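Have a look at the structure below before the remarks.
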Amino acid sequence: MPFHEDELEAAESGHLRSLTAAEAEGDERAVEAALRPKTLDEVVGQARVRAQLGLVLEAARQRGRAPDHVLLSGPPGLGKTTLAMIIAAEMATPLRLTSGPAITHAGDLAAILSGMNEGDVLFVDEIHRMSRPAEEMLYMAMEDFRVDVVIGKGPGATAIPLEIPPFTLVGATTRAGLLPGPLRDRFGFTGHLEFYEPHELDLIVHRSAGLLGVELRAEGAAEIASRSRGTPRIANRLLRRVRDYAQVRADGVVTLGVAEAALDLYEVDQLGLDRLDRAVIDVLCRRFGGGPVGVSTLAVAVGEERETVEEVAEPFLVRLGFLARTPRGRIATPAAWAHLGLAPPALPTVDGTLFED
Ligand SMILES: Nc1ncnc2c1ncn2[C@@H]1O[C@H](COP(=O)(O)OP(=O)(O)OP(=O)(O)O)[C@@H](O)[C@H]1O
Ligand SMILES: [Mg+2]
């Protein structure tokens, strides 16, 4: 096969972290578009949100009206954009797409809203990042299907009311807590997306392999699923890397052995921990006796910025129950010790405790 060893090496050395990052990056969104479920029935997992949303849409269809506004919240890569597109597809209406950061002035929003037709779906991604004036205009549009467009400045300014045909707003946010109450209250339905179970990710990996034309064995799929941190985006990404490996170093078939070898090469371990995650618990257990130790100290010890440790590594470690954040600092749980193959200390280290100033 005309594939050079150094190409694989380049792939190996770069982007180790990004393999397990939940956020999409670079041209990944284009790749993802091909793997997105197109109907509610194709969506794997999220049974509750799917049932609730299905009802909202079906009822609206029966009444011949635009469905209530929908808010989708949850961590990156769990399917918010996918569901927004499905809402428009299920209602057989066009989807207009924008995002909070793109709406810097209320005028930007007025321009979008005035171009809407009855029943259109307006998808506002990262809705928590919209500017205040735009947010206030949106409240009014959501409730009364009307906005006031202000023309001119100062004492001569006049507000011109503008009618908007009934539409459905679909907002997506990774930070529902940052949404002001009045905005949150104007959504008729909020779907909170949860992390996926391994058997659900397993189905997703099979489905994606089918779409990508990858030959995949059941054990290979299960291995990818179990290392995907509950996140379909990561599952799809790991599948693409395992496929590379299968193609270059094996006969193209993703078996258990191929999946294990590929993911070991990319330093994604059995639970989906990457090099940084492991460094954090390793340092915490081996060097600081399991803590408590301050996050700044921990960051220095692993050679990373404090923010990186706090925002990138810790959330997943906490979710796994490997690390606890206490007022006195971070501590490793017995599960973390076990994952490293170590026995936790018999007694908590009282005098060895490190405090953060
Ligand atoms: N329930 C699902 N079934 C199958 N594939 C899914 C599902 N949810 C998400 N995916 C896949 O995961 C990828 C990421 O999903 P999506 O872009 O919808 O996530 P998101 O929640 O919008 O993330 P972000 O917060 O980064 O915008 C998509 O390519 C999609 O194919
Ligand atoms: Mg999205």
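Positions of Cβ are set from backbone N, Cα and C atoms, glycine also.
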Which of Arg217, Arg227, Arg229, Arg233 belongs with Leu35, Arg36, Gly77, Lys80, Thr81, Thr82, Glu143, Asp144, Phe145, Arg186, Tyr196 in the ATP site listed by TrEMBL: Arg233
Secondary structure content, the region 'Small ATPAse domain (RuvB-S)' (197-267) (per DSSP, counts of residues): 52 helix, 4 strand, 15 coil
Three-state composition of the region 'Head domain (RuvB-H)' (270-357), taking helix and strand from DSSP: 42 helix, 9 strand, 37 coil
Residues among the binding-site residues Leu35, Glu143, Phe145, Arg306 that border ligand 2 - Cβ under 6 angstroms, in sequence order: none
In sequence order, those binding-site residues of Gly77, Phe145, Arg325 whose CB lies under 6 Å from ligand 1: Gly77
Distance from Tyr196 (ATP binding site) back to Arg325 (DNA binding site), taken between C-alpha atoms, in Å: 24
Per-residue Cβ crowding (10 Å cut-off), top of binding-site residues Leu35, Glu143: Leu35
Neighbourhood of Thr81 (ATP binding site), C-beta criterion under 8 angstroms, separation at least six: Arg36, Phe123, Asp125, Ala172
